[in-house]
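S.K.: What TrEMBL shows for this protein is this:
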type	residues	note
DOMAIN	A:45-202	domain 'Galactose-1-phosphate uridyl transferase N-terminal'
ACT_SITE	A:His192	active site, tele-UMP-histidine intermediate
DOMAIN	A:209-329	domain 'Galactose-1-phosphate uridyl transferase C-terminal'
Number of protein chains: 2
Amino acid sequence: MRMRSAERMLHKEVRTKADGRRLILYGREPVTADGAPSPSPDRIDSAAHFRWHPFRGEWVAYAAHRQHRTFLPPPDYNPLAPTADPAQPTEVPAGNYDVAVFENRFPTMHPEASEAPASLTPTRPALGVCEVVVYTQDPSTSLGALPVDHIDVVLEALADRYRELGGRPDIAYVMPFENRGVEVGVTLHHPHGQLYAFPFIPPVAAVELGRQADYYRDHGAGLLQAHIDAELRDGRRMLFAGNEAVGFVPSFARYAYEAWIAPRRAAPSLAALAAGERRDVARALKTVLLKYDGLWNKPMPYVMVFHQAPTDGKAHPEAHLHIECYPAYRMPGRLKYLAGSELGAGVFTSDTLPEAKAADLQAVQVDLGEGVSGVEGVGTG
Amino acid sequence: MRMRSAERMLHKEVRTKADGRRLILYGREPVTADGAPSPSPDRIDSAAHFRWHPFRGEWVAYAAHRQHRTFLPPPDYNPLAPTADPAQPTEVPAGNYDVAVFENRFPTMHPEASEAPASLTPTRPALGVCEVVVYTQDPSTSLGALPVDHIDVVLEALADRYRELGGRPDIAYVMPFENRGVEVGVTLHHPHGQLYAFPFIPPVAAVELGRQADYYRDHGAGLLQAHIDAELRDGRRMLFAGNEAVGFVPSFARYAYEAWIAPRRAAPSLAALAAGERRDVARALKTVLLKYDGLWNKPMPYVMVFHQAPTDGKAHPEAHLHIECYPAYRMPGRLKYLAGSELGAGVFTSDTLPEAKAADLQAVQVDLGEGVSGVEGVGTG
C-alpha cells in the first residue's frame, strides 16, 4: 500500500507474525524486509480486564499475563533491533524500512480480550489495542536525534495508526506516547514509543477536552489556539516558533521543564495535518527534544503524550492536536517526585518558575540539520 | 490548653518560634519542653503563588524560596529530633510531649502569601497552611511501629488541626499526608507526616467527593459505607475488620498494594470520631503499616493521604473519612512507575490482581501490642 502526501509517498507493508500479531513497516522508499519475526511463536494469554473505580470515576486495567514458554533472552538481546540471527528472532525484520509498528506482546488491552470476571464494581473486557512504535532501526540514537525527514515519517506513521485504529467502531481514543529512560521505568533503550487505542476517552484527555469544549462554546475558537497566541506575544517561554508549529513551556507548567508542541492551526489530529504542517511539527518536536538532551549533555528521561481528537464518532471542534512532554528531572540529578500533593491532592508544586526553566532551554542551541538558520525565531538569543 | 476525650485528655501547648512560625506540642501527659527552637531566626521569603491550568482546570503551585542566610547543617543533623545542643537548634524542643506540629519552613502555601504576579492565565496568592507533623521524638521508629496509644495521639492531634485550620474562613480543605521513603523523594527518615490546608478543594478530593455526592443523592447513603459492606461480605481483600474500623485492599486498587483505612460509620473527619472509633482507626492503620513493613521485612515506601470533609462551610453528607495508602513497590525491588498510561491517560495499569496482593498482605502476621489476639478477624488465616 502507498499513501500519497503533498510531499512524498509513504510506503506501508502489513504482515502477520507467527503468533498472530500484526507487524507494519513504513518507509519513504519501497519496503523490503525478511518476513515478520517474533521472539516466540506462542501467543501470550491475556486475562486483561477493566474494573471501575467508583470514587475516581475511572477504569483501572488489570492484565495478568501468562507466558506458555519460558523465554530467556541473552543479555545483549534487543527485541526492537532488526533480526540479525534467525535463530534469535526479534520483533522486527532486517530490511529496508524506516519505522516499524507491531502489536505489544504483553498488552494492557487486547482486540480479543476475554470476558471480564465480576467484581464489586462494574468490570469490562480490556478491549483495545496496544502497539509498539519502533522509530528507527538504529538502536543507539533517539527520536530527537533523527533527521527531520525521519521524524516526519514517524508522525505520518502515527497519523496512519490514528486513521486505522480510530476507524474501528470499538476504539474511542488513539494515544501515541513515549516513556523514555530508566527514571520512568524503561529499560529498553532502542528508540521507540507506544500507542494505546482505548475503548473510551481516558480521564486525562476527557478533562482537557471538557475544558476546551467549554472554551469553544463560549468563544467560538480554540483554547489552545488562544493560548499559543498568548505565548507567542509573551515570548518568554517559546522554544520554537515556526510558520506552522510551535514548541513552548506553558505558563502553567506542572513539571519544571514541561513543554508542549502543537501546530498553530487547530488541526484535530496528526491525520488532519497538511504535509507542511506535519513537517513543522517534526521540527518543533526535534527542537524540544534536542534542547532536553543538550541541557545537561545527557539524555533527558521523559513521558511524552500525544493529545488528539477522540475517535468516538462525535464532532470535536474543540480538539487541537498537541504533544505534552514531562521531563523527569527538575534540576541536574534531582528527580521530580509525585507524592502527597500531586498524587493525593492533584496539586502540582514547583520550586521554580516556568519562565526560568524556559530560559534554561532557550539557551541550548540546536541544529535541525536542514541548513536553515534562525528557524526557531523566538527567544533563542 | 486541655482537650477532653471520652478516654483520656490530650494536652496541647502552642508556641511561637523566633522566625514567627507556630509550634504546637501534644501529649497525653502535661507538656513540658524547652522553648520553641528554630534552625534559623530568619523567616524564609516566599513568593508562592498559584497559576490556573486552563486545560486541566486545576491550580499549580509555584514557590521559589529565598533563604537570607546560608544554613549548612552537619551531616548527621536531624531537624525533626529534639534539640540536644542549643547551638544547633532543630525544629522541636527537648521535653515531655508525644507529637509536635510546626509550620513548614519552606511552605508551598503560606497564611500571608504575597500578591500573585500576573500570568497568561489567572493567578492567586498561595494562601494556605503547610505544617509538619512529627509523630514521635524517636528518630528510628515509624508510624506503624508506634503503640496504638501513640498513633491515637497522632490522630487526635490531626483532628485538632482539622478543627483549627478548617475553622479559618480562608481554608476549604485540610489534608494530612505522609510521604515515606527515598523512593517517593523523602530523605528525612525521622517519622513524620505533613498537612496541607488548601484555600480550595483540591482536584483529587473534588473528584472523589463528586462521585460520593452523586451516590448519596441517588441512594441516601454513603458510597464508601456501601463499598466497605461489600468488601466485608467478600472478605478476600480485608486486612483488618475491627468493630469500628476497617482496612482493606480495594477491589479497584490502582497500586498493587494499595490499602484504604476507614471508620465503619461515615464520620466526615477525624474530628468527628468518637474516642473508641479513633482508637480502632489507629488499630487498622497500624495493622496495614506493619503488614507493609513485614511483607519483605523492610520499610515499605508509600504515599498516604487522609480524605476528610471539606471545610468550605457547606454541608458534605457524602464525605466519609478514609486514609488511602499507595505503596511505591509492586514486587520486591520493582517500583511502580507512573508513565504514559497513568500520567498521560489517567488509566492505571497493573499486572497483578488486588486479590493476589491482598493475600500477600493477609499472610503477614502483625502484633498490635494490645494483648488481644484475633482482632483482625477476617482473612488473616
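Just so it is clear, glycine is given a Cβ too, placed from its N, Cα and C backbone atoms.
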S.K.: What mean pLDDT score does the domain 'Galactose-1-phosphate uridyl transferase C-terminal' (A:209-329) have in the model?
M.R.: 98
S.K.: Does anything in the same chain, at least 6 positions from the residue listed as 'active site, tele-UMP-histidine intermediate', have a Cβ under 8 Å from its Cβ, and if so what?
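M.R.: Residues satisfying the criterion: A:Leu80, A:Val132, A:Val133, A:Val134, A:Tyr135, A:Glu178.
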S.K.: What are the DSSP helix/strand/coil residue counts across the domain 'Galactose-1-phosphate uridyl transferase C-terminal' (A:209-329)?
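M.R.: Breakdown, helix to coil: 47 helix, 26 strand, 48 coil.
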